[in-house]
Amino acid sequence: MLGVCYYPEHWPKARWKEDARRMREAGLSYVRVGEFAWALLEPEPGRLEWGWLDEALATLAAEGLKVVLGTPTATPPKWLVDRYPEVLPVDREGRRRRFGGRRHYCFSSPAYREEARRIVTLLAERYGGLEAVAGFQTDNEYGCHGTVRCYCPRCQEAFRGWLKARYGTIEALNEAWGTAFWSQRYRNFTEVELPHLTVAEPNPSHLLDYYRFASDQVRAFNRLQVEILRAHAPGKFITHNFMGFFTDLDAFALAQDLDFASWDSYPLGFTDLMPLPPEEKLRYARTGHPDVAAFHHDLYRGVGRGRFWVMEQQPGPVNWAPHNPSPTPGMVRLWTWEALAHGAEVVSYFRWRQAPFAQEQMHAGLHRPDSAPDQGFFEAKQVAEELAALALPPVAQAPVALVFDYEAAWVYEVQPQGAEWSYLGLIYLFYSALRRLGLDVDVVPPGASLRGYALTVVPSLPIVRGEALKAFQEAEGIVLFGPRSGSKTETFQIPRELPPGPLQALLPLKVVRVESLPPGLLEVAEGPMGRFSLGLWREWVESPLRPWLAFADGGGALYREGRYLYLAAWPSPELLGVLLAGLAQEAGLRPVFLPEGLRLRRRGPWVFAFNYGPEAVEAPAPEGARFLLGGKRVGPYDLAVWEEA
């Protein structure tokens, strides 16, 4: 199903009825409203003006449209900030942020939590039983603009309480953090400050705990809203719209309190921000990289325990990236179908009409500011017509699992040990290699069951807890670990037994030394799979195992024990392609090296082929396949769907 984000408060009431009618005629089913409307709902403290929202919801309902109602806590009004100036967050440099943008609040602020509780309760009491309201979105894009981590006095106080609950005694904290180093011992929890503005780098254990705390504070704030909505809006779904390439917040943890996950898909903006080779960035500037949206669909399907929406789908040029090209004609349709192929229940476009004013006036919508339909509108309407003729089959478990860990991203942010080391970069390298082989992927958190997966890839998991080790031991397929896995304890120390720590229960090896290398400094590793030039990261390993790949000095780059493999270097795309293809074949899968720009995704017995390239390509469909959309020759920026026997 399809939807759209709509802001009735931005437009004269005389337009609302016509807008709703055109939404229905375009084949849209859901409309998100209200997530930035607090100042219009409550223009002065205690003076509520519900009338305009009542009328807007009634207008949408009259056309049979279902509403996703956003709680308005992402934008506290000016009067609230003036009354409680302490709700404003403090940045890493110790500066109090100001009113005038959005997300201008601290998650730890008692005053703001109380105000949020009040407005969400009023909203839920008024609309929780309304038939037109299908569900709620909590807040909007938690953490956007660098707002997960605040450094205000309230956060410092809350952090001390969090530490006391975690460690119990200050002696335990000192031991866990290794505060004997640099004379950093603490006598009590009130001496512990937030880890910023230090002369040299702060203690990494301290910093990691602060990142954990900050993520927990967001979850607590979200749970406060969820509990209110559950009480006053029984039977209505609750979701939140997460962001792309964002790791400050543990979405797996927060989503435990939601019915499903949502995310905001902007393929062109993300591609422009990605550290891709220049030629690749130019090639996909108007289409988005072929794996950027797909990765997040698979991630948030995992976050949502099998269920997700795209709450905001890019319909045209955006306004927030360094460069904001217009999508190639056909791409809005392709992105929409791709989301559906990966299991999205709803794809909702942002926004119905481009705003002619304020910060996002250069962000395209389905309509231009003069209300004329724009390119994205016609493509969305085409998808709606195509969807009406098809009944999508359910999504099955993929044959490949990729283990993704937000805590791993924090570990490497705290201590990258190399300027180019990027957790997301490594994750994307593995994911893209799998996709280039035509393989479907489930993205799962550490500790999730790996039963039923023919192949599991763990690009890097520095902290291996007991539940994760148990899942690896019980995995039914091949498991590939990437560099730095098992390299830290839960308290951010090197394991006594050396890395890969607990994974030594699976692989008899020890990492005794590591190095990070500047770009261009490469070493050749070779073995039965071929010769590969590797750089950026290398580990020296002691092991009775004979390496599958070895460097010229005899050091190993890849080791195997039974169905477990350990990669002791940053892999090149060439190495990953050969290695993963071989492992997939061994696991009984059928990898296929796809043409550049072509990607596949299966949904039940249906196979989707998406062509991100400027030239037509042949879909790897068997002879006599029944095509539901398109044909065996997939045109530029087009797709095809066929049914497997």
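Yeah, the Cβs are placed from backbone N, Cα and C, and that goes for glycine too.
Because the structure is a prediction, the values reported are computed rather than measured.
There are 20 other CB atoms within 10 A of the CB of GLU141 (active site, proton donor), with all protein chains counted. In the three-state DSSP scheme, GLU141 (active site, proton donor) is classed as coil. Look at Swiss-Prot and you will find GLU141 tagged as active site, proton donor.
For GLU312, the entry in Swiss-Prot reads active site, nucleophile. Long-range C-beta contacts of GLU312 (active site, nucleophile), restricted to its own chain and to partners at least six residues apart, with a cutoff below 8 Å, comprise CYS5, ASN241, ASP264, SER265, TYR266, SER348, TYR349, PHE350. For the recorded site, GLU312 (active site, nucleophile), the DSSP three-state label reads strand.
Secondary structure at GLN361 (substrate binding site), as computed by DSSP, is coil. The feature substrate binding site is assigned by Swiss-Prot to ARG102, ASN140, TRP320, GLU360, GLN361, MET362, HIS363, with similarity to another entry given as support.
The Zn(2+) binding site feature in Swiss-Prot is assigned to CYS106, CYS150, CYS152, CYS155; the stated evidence is similarity to another entry. Long-range Cβ contacts of CYS106 (Zn(2+) binding site) within its own chain (separation 6+, distance under 8 Å): GLU86, VAL87, LEU88, PRO89, VAL90, TYR112, CYS150, CYS152, ARG154, CYS155. Secondary structure at CYS106 (Zn(2+) binding site), taken from DSSP and collapsed to helix, strand or coil, is coil.
The binding-site residues under consideration are ASN140, GLN361. Their Cβ neighbour counts within 10 Å are lowest for GLN361. Around HIS363 (substrate binding site), the C-beta neighbours below 8 angstroms that are at least 6 residues distant in the chain are PRO317, VAL318, ASN319, TRP320, PHE350, ARG351, GLN354, ALA355.
The Cβ of MET362 (substrate binding site) lies under 8 Å from the Cβ of PRO317, ASN319, ASN324, each of which sits 6+ residues away along the same chain. For the Zn(2+) site, the Cβ centre of CYS106, CYS150, CYS152, CYS155 serves as reference, and the other residues of the chain with Cβ at most 8 Å from it are PRO89, VAL90, PHE107, SER108, SER109, TYR151, PRO153, ARG154, GLN156. Of all Cβ atoms in the shown protein chains, 16 besides its own fall within 10 Å of the Cβ of ARG102 (substrate binding site). Counting neighbouring Cβ atoms within 10 Å of each of the binding-site residues (CYS150, CYS152), the lowest count belongs to CYS152.
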